[in-house]
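Among the features that TrEMBL reports, domain 'SAM-dependent MTase RsmB/NOP-type' is placed at 99-398. What TrEMBL records for 196, 197, 198, 199, 200, 201, 202, 219, 252, 270 is S-adenosyl-L-methionine binding site. Positions annotated as active site, nucleophile by TrEMBL: 325.
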């Protein structure tokens, strides 16, 4: 009997395909053509980035590549509208507010960045005064706080809990995404337009400043705007969501210059882009899907139209902040250069590029910034500080 049992076990081990032991009615045939893509979007994205960014970033690309393929770090944007004392709890876990942990000493004024346009004095960098060879640190809103774990610490944040009024204590986002909101430098009573607002992280950061007189948030995607509305209702008290203080729209952002021109003190243009990190990590809703090839190729054209619309929406003396979450030079520097030229040639708008080096100098303890960009500033991913990528460039309307 024992020998028969051992023979049976040996026989089972020799069976290579146990499906033959499964009743036919329960067998499932794999449909390889449907379930397994030969070239998934994430692989196509990596191939594209290897070919493009290895040339653009040179020796920096291997380390940036490793960071992009690793788990990203998050920051916890503190919600000042919540009544829960979550700050002390987060600090007890080892977090710190990166806006408070800044380099406050003045920065020597290094070699000036080149001007965008040389034919006419239509746009120039904000340079150091001839009398002073230093860049003073920025004055930041004391109401915006974003907590992060120390460099090299990949601890995950716990989900935020609602307070007694149902408002969540903090919003989890890439901490580098707060930088464009800080760079926008919203002052008391300003009218602000967030042209591509969904899913709502930057909108929420702007509201935390508690300085905005009127905020208009827009996104062409109705489904994404539904998500933004959910974010606002989860973090902002209802009295602050009235029509007198906030307007939510789903218009085509490229047409905003025809809707409201010369209106806003500050305009945030956080455009759709190739979303490098998402494109490498998720096959769902990936811009590198073969079905979205045409959409991806038209991204720079769309970005240019959105930035031009944002420029038109700003009033003379107002400021526009262009931002993306891609390393692509074409979608970053290339779009800004074209927008500056076309704004002058087609609309008679003179622009100045505002130097953001004071901002990068303040937060160099937390983020890694790309060196020597000719236009704008960019957070690049790094394994010890795996935030970004975030590109930002600030323009000021002179006329």
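All residue numbers here begin at 1 and follow the chain in the order shown.
Keep in mind that glycine also has a Cβ here, set from the backbone N, Cα and C atoms.
Structure with TrEMBL features highlighted.
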{"residue": "196", "record": "S-adenosyl-L-methionine binding site", "Cβ within 10 Å": "23"}
{"residue": "198", "record": "S-adenosyl-L-methionine binding site", "Cβ within 10 Å": "25"}
{"residue": "200", "record": "S-adenosyl-L-methionine binding site", "Cβ within 10 Å": "24"}
{"residue": "202", "record": "S-adenosyl-L-methionine binding site", "Cβ within 10 Å": "25"}
{"residue": "252", "record": "S-adenosyl-L-methionine binding site", "Cβ within 10 Å": "13"}
{"residue": "325", "record": "active site, nucleophile", "Cβ within 10 Å": "22"}
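Taken together, the residues of the domain 'SAM-dependent MTase RsmB/NOP-type' (99-398) have an average pLDDT of 90. For residue 200 (S-adenosyl-L-methionine binding site) paired with residue 325 (active site, nucleophile), the C-alpha to C-alpha distance reads 15 Å. You'll find the Cα of residue 202 (S-adenosyl-L-methionine binding site) roughly 13 Å from the Cα of the residue listed as 'active site, nucleophile'. Of the recorded residues, residue 252 (S-adenosyl-L-methionine binding site) and the residue listed as 'active site, nucleophile' place their C-alpha atoms 21 Å from one another.
Distance noted between the C-alpha atoms of residue 198 (S-adenosyl-L-methionine binding site) and residue 325 (active site, nucleophile) is 14 Å. The separation of residue 196 (S-adenosyl-L-methionine binding site) from residue 325 (active site, nucleophile), Cα to Cα, is 13 Å.
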